[in-house]
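Peer 1: My structure is below; once you've seen it, I'll send some questions.
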Amino acid sequence: MTLRIAEIFGPTIQGEGALIGEPTVFVRAGGCDYRCAWCDSMHAVDSAFRRDWTRMSAGAVWEKVQDLAGGLPLTVSLSGGNPAIQDFGPLIALGRAAGYRFACETQGSIARPWFAELDTLVLSPKPPSSGETVDWDAFAACREAGRRALRTVMKIVIFDRTDYEWAKRAHARHPDLPLYLQPGNPDVDLDTPVDPQALADRLGWLTQAAMDDRWFAPRILPQLHVLIWGNKRGV
Ligand code: SF4
């Protein structure tokens, strides 16, 4: 059995959410069941990029991760695309036996038994601006599958007021999940330089909205990697 891999890169820092700032090697899976309007990883989603993806065994991915990490255990983040389309159980088993930690970020549309072997399961339901519709039963199944993971958190990207209000309702469905909000980056084109002030303004707006509402549940964070490297890939 092989995995469809769009890219493996690092070590670098995790740029967002619960593990922000943590040294990480990223394994980006190819393929996604969603087509979010503002997806910043279309090279791992759109089948037009399929020829750039590599079929690798779990052992080959593991060798690459070890090589990048210099054999020193760190966090491996499974991202995508939607990594839940594929079976990352064998890779996680190899890594955990060597002391590596595993995180997975998925929208919560497909539950997998290997979620239980994760250190951190990041469920990132997509708000209305994505153009997608969340299946909350599937989301609950993902939570259940990850029940034995060390921790499960929810992360939501916010582009506008509608997304913000939606995030409140999403949180109300799962109030026990630690919640992370981040402003969306509308400039995902590789050739378009990001505007740091515009990103800061979005973060300020989101922060102020939550404070005005006395909504203290979420942690509100920027996308650190976008502030540092813009839309550059593989960093
Ligand atoms: Fe892109 Fe994530 Fe949406 Fe898939 S779920 S299309 S990877 S933003």
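Cβ from N, Cα, C; glycine included.
Feature table excerpt (TrEMBL):
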BINDING   Ile13, Gln14, Gly15, Arg28, Ser79  substrate binding site
DOMAIN    19-231  domain 'Radical SAM core'
BINDING   Cys32, Cys36, Cys39  [4Fe-4S] cluster binding site
BINDING   Trp38, Cys39, Asp40, Gly81, Ser124, Pro125, Lys126  S-adenosyl-L-methionine binding site
BINDING   Ser41  Mg(2+) binding site
Peer 1: When you look at Ile13, Gln14, Gly15, Arg28, Ser79, which the record names as binding substrate, what is the longest CA to CA distance in angstrom?
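Peer 2: Spelled out: the longest distance between any two Cα atoms in Ile13, Gln14, Gly15, Arg28, Ser79 is 15 Å.
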Peer 1: On the 0 to 100 scale, where does the mean pLDDT of the domain 'Radical SAM core' (19-231) fall?
Peer 2: 95
Peer 1: Listed S-adenosyl-L-methionine-binding residues Trp38, Cys39, Asp40, Gly81, Ser124, Pro125, Lys126 - what's their greatest C-alpha to C-alpha distance in Å?
Peer 2: 15
Peer 1: Restricting to the same chain and to sequence separations of six or more, state which residues have a Cβ under 8 Å from that of Ile13 (substrate binding site).
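Peer 2: Same-chain residues close to Ile13 (substrate binding site) (Cβ under 8 Å, separated by 6 or more) are Ile20, Gly21, Glu22, Pro23, Thr24, Leu224, His225.
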Peer 1: Provide, as an integer number of angstrom, the distance between the C-alpha atoms of Ser124 (S-adenosyl-L-methionine binding site) and Ser79 (substrate binding site).
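Peer 2: Here the two Cα atoms lie 11 Å apart.
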Peer 1: As a test of the contact definition, list every same-chain residue at least 6 positions from Ser79 (substrate binding site) whose Cβ is closer than 8 Å to its Cβ.
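Peer 2: Phe26, Val27, Arg28, Ala29, Ser41, Ala44, Cys104, Glu105 - these are the non-local Cβ neighbours of Ser79 (substrate binding site), listed in sequence order.
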Peer 1: Select the closest residue to Gly15 (substrate binding site) from the following binding-site residues, measuring between CA atoms: Cys36, Cys39, Asp40, Pro125, Lys126.
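Peer 2: Result for Gly15 (substrate binding site): the nearest of the binding-site residues is Asp40.
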